[in-house]
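To start, the structure under review is shown below, and the notes come after it.
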Amino acid sequence: MTVKTPVYLDYAATTPVDKRVAEKMIPYLTETFGNPASNSHAFGWEAEEAVEKARADIAALINADPKEIVFTSGATESDNLAIKGAANFYKTKGKHLITVKTEHKAVLDTMRELERQGFEVTYLGVQENGLIDLEELKAAIRDDTILISVMWANNEIGVVQDIPAIGEICRERKIVFHVDAAQACGKVPVDVEAAKIDLLSMSAHKVYGPKGIGALYVRRKPRVRLEAQMHGGGHERGFRSGTLPTHQIVGMGEAFRIAKEELEQDMAHYRKLRDIFLKGIEGIEEVYINGDLEHRAPNNLNVSFNFVEGESLIMAVKELAVSSGSACTSASLEPSYVLRALGRNDELAHSSLRITFGRMTTEEEVQFAAELIKSKIGKLRELSPLWEMFKDGIDLNSIEWAAH
């Protein structure tokens, strides 16, 4: 089996631009280069037409109205605009916000910033499977709660929360509901109407579109108000000023159009690859799947291999492009805060691999990856004194280690 290495299995970090998307973008760099806001000539009109077509394609994937789509530079900006924008607009009603400990840093750090500004934030824990307890969420709601932010699919463990149920709770209590859907679009069905979502963050580069472009869905009925975070020429109905990058927007629109058209086959492809991988690592002892396998984005696997050091594991499988933790925070040596929130100990949190499949991943590549990981785990454990002790039946938790 000849597989070209390194094999890219880090699609949750980013995806290559689909060739169909790249082709669609090129004319808007050199030919149809007008500013979409120039409304006095054909160059501007053509660019605006392309932007509106993309807006409609993006809206279609999430079952929204095109007028509800606001272009941003990516999901991080969308999260900032949604959370800061809503918190500041509705702060006269109350200053209490609710989110989850396993959210992306773009949400958590935005919440921290709002705490510095005098807001109060409740960070909900998760169960061992990564799902929040809806009763706990209900109990956390107060009369002064104005916003709840819960991600659709987790970037590290792929766990999919019960978004429609949370949407129901928020609508009933008239609380603004924000959802970070960067990892959900194109991987699971997303419907903002059915799920009663008020604000939804999206990114193009997680869906085979270009980097540097994203969008925020802002509900019109019932209308959700935001305070702008970027001031200027009043573009995007005043929500987000700045000249629209037509080529990027066209790319995102085409990527989302394809994602809607090919969602079923993409999902089936991911499930098949996931099953092949899980079958391939069967028989390795002390393997823990992190996060619920049922309620999960089909392209994500996060696996901890006990008695193996995470960093040495990444080095050992250098023919695979995989990650430990998310790409945004994998530079730090701290164990993943997401895995810690599941109750995993430091050792298991440190020995995790996030393997995420994509549209271009082949069955051969996944087979190769599973076999490689299996053989390397065996070799690394042979070198581990802890593994030897574990195999000898020694309870490692009962050992008193001498301090040096």
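Here the Cβ of each residue, glycine as well, is placed from N, Cα and C on the backbone.
Per Swiss-Prot, active site, cysteine persulfide intermediate is recorded for C328, and the stated evidence type is sequence analysis. The pyridoxal 5'-phosphate binding site annotation in Swiss-Prot covers A75, T76, N155, Q183, S203, A204, H205, T243. Summarising the annotation, Swiss-Prot assigns [2Fe-2S] cluster binding site to C328. Summarising the annotation, Swiss-Prot assigns N6-(pyridoxal phosphate)lysine to K206 and lists sequence analysis as the type of evidence.
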Query = Out of N155, T243, which has the highest number of nearby Cβ atoms, where nearby means within 10 Å of its Cβ, if these are the binding-site residues?
reply = N155
Ask   = Here are the recorded positions: H205, K206. Which has the lowest count of other Cβ atoms within 10 Å?
value = H205
Task = Please report how many Å separate the Cα atom of N155 (pyridoxal 5'-phosphate binding site) from that of K206 (N6-(pyridoxal phosphate)lysine), as a whole number.
result = 10
Query = Given that the record lists A75, T76, N155, Q183, S203, A204, H205, T243 as binding pyridoxal 5'-phosphate, what is the largest C-alpha to C-alpha distance among them, in Å?
reply = 30
Note = Cα of the residue listed as 'N6-(pyridoxal phosphate)lysine' to Cα of Q183 (pyridoxal 5'-phosphate binding site), in Å and rounded, measures 7
Query = So how many other Cβ atoms are close to A204 (pyridoxal 5'-phosphate binding site), meaning within 10 Å of its Cβ?
reply = 31
Query = For A75 (pyridoxal 5'-phosphate binding site), what residues in its own chain, 6 or more apart in sequence, show a Cβ-Cβ distance under 8 Å?
reply = H104, A106, D180, A182, S201, M202, S203, K206, G214
Key: Around the Cβ of Q183 (pyridoxal 5'-phosphate binding site), the count of other Cβ atoms that are within 10 Å   = 29
